Every structure is written in C-alpha cells, then in structure tokens.
Amino acid sequence: MQDQTTAGNLLRTMRANPPLVQCITNFVAMNIAANVMLAAGASPAMVHAEEEAGEFAAISGALTINIGTLSSGWLAGMLKAARSANEAGKPWVLDPVAHYATEFRRKAVAQLLELRPAIVRGNASEIIALAGGTSRGQGVDSRDAVEHAEDSARQLAGKHGCVVAVTGVTDFVTDGRRAKRIAGGSSFMPQVTALGCSLTCLVGAFAAAMPDDPFDATVAALAVFAVAGEQAGAAADGPGSFSWRFLDALAGLSPEVLDRNAGISAA
Ligand SMILES: Nc1ncnc2c1ncn2[C@@H]1O[C@H](COP(=O)(O)OP(=O)(O)OP(=O)(O)O)[C@@H](O)[C@H]1O
Ligand SMILES: Cc1ncsc1CCO
Ligand SMILES: [Mg+2]
C-alpha cells in the first residue's frame, strides 16, 4: 500500500483544503511569513490582539505563536489564543525566539509551555537553552550546531509531550520516541530574516491538515523548506534573489518532486 505520510502526500492533502492558520508572529516576519504560507498553499491570518486572538483561534485550523517582538499586550493575546486552541482541540506551535535573552522572554515562554504546544520549532541555540543546557545564543540567530541540540530536543519532547523541531544545516525532529533528520536547504537561508519564523507558520499549516500526526506534519513542512530552499539556492546570486526564488520554488513545488528530492532519514 502507498505510504500516505510521505511529505509529498501530506503536501497534497494540505493544499487540497488550504488550512486557515492563525499566525501570531513578529513584526519582522509578518509579511514574508504570510507570503511563504500563500506560496506553499495555506491560508495565513496574522491576528494577535488580546481583544480577538482567543476568538480567532477557535475558528482556525491551527495556531502558531512566535515571541520575536514580544510586548505585554501581545503576550496577553498569545495566552488567550493558546487556551482557546486547546479548548477547541486545535494544534498549536511555539517558536521561542531568543527566549534566553531577557527575563520577560523566559517568563513568557515558561507560561506558554505550560499551555502544551503540540510542536516546538526553534534553532539549535533556542532548543538547547529551553532544555536547560548551555547555549551560545545571544540574539535571534543560532550560534550552535543542530547536532549539539539533538539530546536537548529529545529531553524537551519527553518532558512536555510534544514534537520538537531543531532547524539549521540539517534539521532534526523528534517526538521523544521517533526521530528524523531532514537535509537540504541553502546557506542563503540564514541570511534572509525570518525564514525560521515563516517555517513555524508552515508547520502550523501541516499540523492543521494532519492534527493527529504532528510528527509527520512537522517533517513534511521542514522537507518542503529543504527542497524549495535547495532549488532556490542553486539559482540565486545572493540573499536578495534567493528570497524571491524561494517563494517561486515553494509555489512550484509538486508532491512528486518533493518526495523524489526530500533528504529525510531516520535518526
Ligand atoms: N546553513 C544552512 N544550510 C541549509 N539550510 C539552512 C541553513 N541554515 C538554516 N537553514 C534552513 O533555514 C530554515 C530556517 O531555519 P533557521 O534555523 O535559520 O531558523 P531561525 O534561526 O529560527 O530563523 P529566524 O529566527 O531568522 O526566523 C530551515 O528550513 C533550515 O533548515
Ligand atoms: C530580526 C528579528 N528580531 C526580532 S524577531 C526577528 C526575526 C528573526 O527571528
Ligand atoms: Mg527563529
């Protein structure tokens, strides 16, 4: 029988019924993340105000929360949205941007983790610090290798009962029991701001389409970025042309090409 959980089949499923995803992301990411979602075939809505974030989460297929440009008003909206998603049985994804940098961020992420995200997606520095390890991270960019974050990711997944995705040169995904690596992408990717934030939103889209399978949903979203990133990187002259080529590659990516080129291996 055909494997329904290949990245290509999950991309087909996601696009067949474009999920509405509430993306609470940062000011830097909002535009590129919305364009990434549209190019990949999902329907993003950047809704964060405390007055409406909870109500909106109940009608969305999934919710993503990113603390990149946090303020107290936004945090109130995030907490309401996460509680509402939980009540409605909708999966939600946490992106703990630079959570180690300030006390405000550390406290916010602790509160959010208590609300049981289905998936946590971060770079290696963020995941190491989240598990209580010594990370080299300072700001929003990673200063650690994904390989050094794998044990931290397994610990976090076990402790919080969630899927953890660490991104970088080769990505790592675990639910505490299973684990996979996803190779690909381009060295231009960390030179374009907020692509990780945009990926968090796309993980939300796959989780909305496959709410019972957050592990395979996460692997599929990361594989989409890896294959589209590799294609765009091969033709790009620098981060500027990479950026538009990446959107075109996402929009043009077929399920067949995704399955043929995805560098997914068991870990
Ligand atoms: N050197 C690299 N080579 C290939 N792919 C990469 C590289 N660095 C990052 N990526 C890819 O870029 C995407 C974003 O991951 P990254 O770890 O840079 O996120 P991030 O640090 O959270 O980004 P941001 O905070 O700017 O949004 C992922 O798809 C990842 O696989
Ligand atoms: C540059 C930057 N600053 C806060 S969030 C963000 C986007 C990348 O995480
Ligand atoms: Mg990030």
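Placed from the backbone N, Cα and C atoms, the Cβ positions cover glycine too.
TrEMBL: automatically predicted annotations, no manual curation.
So that you can see what the record holds, here are the features copied from TrEMBL:
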type: BINDING; residues: MET46, ALA194; note: substrate binding site
type: BINDING; residues: ARG121, THR167; note: ATP binding site
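Note: the CA-CA distance between MET46 (substrate binding site) and ARG121 (ATP binding site) rounds to 18 Å.
Listed in sequence order, VAL93, LEU94, ASP95, VAL164, ALA165, THR167, GLY196, LEU199, THR200, VAL203, THR218 are the same-chain residues six or more apart from ARG121 (ATP binding site) with CB atoms under 8 A from its CB.
Selection of the binding-site residues MET46, ARG121, THR167, ALA194 by a Cβ distance under 6 Å from ligand 1 yields, in sequence order, THR167, ALA194. In this structure, ALA194 are the binding-site residues from MET46, ARG121, THR167, ALA194 whose C-beta falls under 6 Å of some atom of ligand 2. MET46 (substrate binding site) falls outside any helix or strand according to DSSP and counts as coil. Contacts of ALA194 (substrate binding site) defined by a Cβ separation under 8 A and a same-chain sequence distance of 6+ are given as THR25, ASN26, VAL28, ALA29, ILE32, ALA33, GLY68, in order along the sequence.
Fewest Cβ neighbours within 10 Å among the binding-site residues MET46, THR167: this applies to MET46.
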